[in-house]
Amino acid sequence: MNAWEVNFDGLVGLTHHYAGLSFGNEASTRHRFQVSNPRQAAKQGLLKMKALADAGFPQAVIPPHERPFIPVLRQLGFSGSDEQVLEKVARQAPHWLSSVSSASPMWVANAATIAPSADTLDGKVHLTVANLNNKFHRSLEAHVTESLLKAIFNDEEKFSVHSALPQVALLGDEGAANHNRLGGHYGEPGMQLFVYGREEGNDTRPSRYPARQTREASEAVARLNQVNPQQVIFAQQNPDVIDQGVFHNDVIAVSNRQVLFCHQQAFARQSQLLANLRARVNGFMAIEVPATQVSVSDAVSTYLFNSQLLSRDDGSMMLVLPQECREHAGVWGYLNELLAADNPISELKVFDLRESMANGGGPACLRLRVVLTEEERRAVNPAVMMNDTLFNALNDWVDRYYRDRLTAADLADPQLLRGGREALDVLSQLLNLGSVYPFQREGGGNG
């Protein structure tokens, strides 16, 4: 059956700021306390979405979350009106204010793990929300992510959206950023490659930075998504590269159809894994980048592998890259050699995503890939699909509500909270989502 990959990109939220919340993510740490530009961040993301939609790649949008997220501050013991809660936390414990104001839901590669209908036992598309257990600020996302996905994939005959795994370290799950699918045409059954950083009872794990994904979580997600057991491979990421800042697999590898583009040090027991893939995926091609040409450090600083590998109708592929790749002579030199070599990659497309990149999120972090048949695509909430009308409406919305400068101190401004809620109210109507945010269901959250 014919099917296409639809990229659902996260729209950057109104409180996008640099707080260095993500230990193990070196860009996040390096840019801590810099002044951010939420308006520019959102527009950079929108430009990528629109350019890819115009180039013929189906594209949709996932909206931001409510931030600052007052209900969690109340759970932490801050009381009073919303304004009083903000004032107290800013004075007594500003790090909590930063955490509950993170715009990290923009990186929707961590929103969920997807199984296309061609791979599942019941023939539905399955989406399992990630618990993002390793980081407090990201663990807050799961409930609203589930509401958003259910509002977008709202046809229960075709889609099953599963709640996140229990919030414990043993079941740490980071979603599609640690998941690849390999195979032929999108509508054919594919091989799902789940990548984990640690498993219980196995001493092979990083020592400097945390391994956020567990094998136990990956196995549970594969079960929830009803993936045919014959179409699953579990592989461990190389712990040495996690210790060099590769906090998700999509920082060191990207797949599309029959191609796996990865660093030669991406996986533990890599040669064994590639041999397994060759045996199980027709036409499998590994493009391994040698460390002598691109070091792990350069891969992390440029986000070479946090790219999007997209298929054209003729079977050729386009690699979508952040501007940092073009600005690095060694990486850009390698990429031009890649273009000239015998492989499906025939075009490089570069985007300026600096606002997201400074927090450690490149093109691949910003998108959730969902393979859909034509019938399934028609069943998706049509209001989220990118086109000229939506692009213009979202740009106008960003111009109306977003600040062009934000510091950590600004997060305590009650107007940021009020304006953010008004903005999301308008957006949820524009995208026909219903009441997906807690403040919409609780009358403003003054509890």
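Cβ coordinates come from backbone N, Cα and C, glycine included.
As the structure is a computational prediction, the values presented were derived from the model and not from experiment.
Features reported for this protein in Swiss-Prot:
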type: BINDING; residues: 19-28, ASN110, 137-138, ARG212, ASP250, ASN359; note: substrate binding site
type: ACT_SITE; residues: GLU174; note: active site
type: ACT_SITE; residues: HIS248; note: active site
type: ACT_SITE; residues: CYS365; note: active site, nucleophile
Collapsed DSSP category at ARG138 (substrate binding site): helix
Near the residue listed as 'active site, nucleophile' in space, meaning Cα within 10 angstroms, which of the recorded positions do we find among ASN110, ARG138, GLU174, ASP250? ASN110, ASP250
Count the other Cβ atoms sitting within 10 Å of the Cβ of ARG138 (substrate binding site), across every protein chain shown. 22
Cβ packing number for GLU174 (active site), 10 Å threshold: 31
Checking the recorded positions ALA19, LEU21, CYS365 for other Cβ atoms within 10 Å of each Cβ, the smallest tally belongs to LEU21
Between the Cα atoms of ARG138 (substrate binding site) and GLU174 (active site), what distance do you get, rounded to the nearest Å? 10
If one measures from the C-alpha of ASP250 (substrate binding site) to the C-alpha of GLU174 (active site), what distance in angstrom results, rounded to a whole number? 11
Within the same chain, the residues at least 6 apart in sequence whose Cβ is under 8 angstroms from that of ASN110 (substrate binding site) are SER104, ALA130, LEU132, ARG138, GLU141, GLU174, GLY175, ALA176, ALA177, HIS248, CYS365
Please classify the secondary structure at the residue listed as 'active site, nucleophile' using three-state DSSP. coil
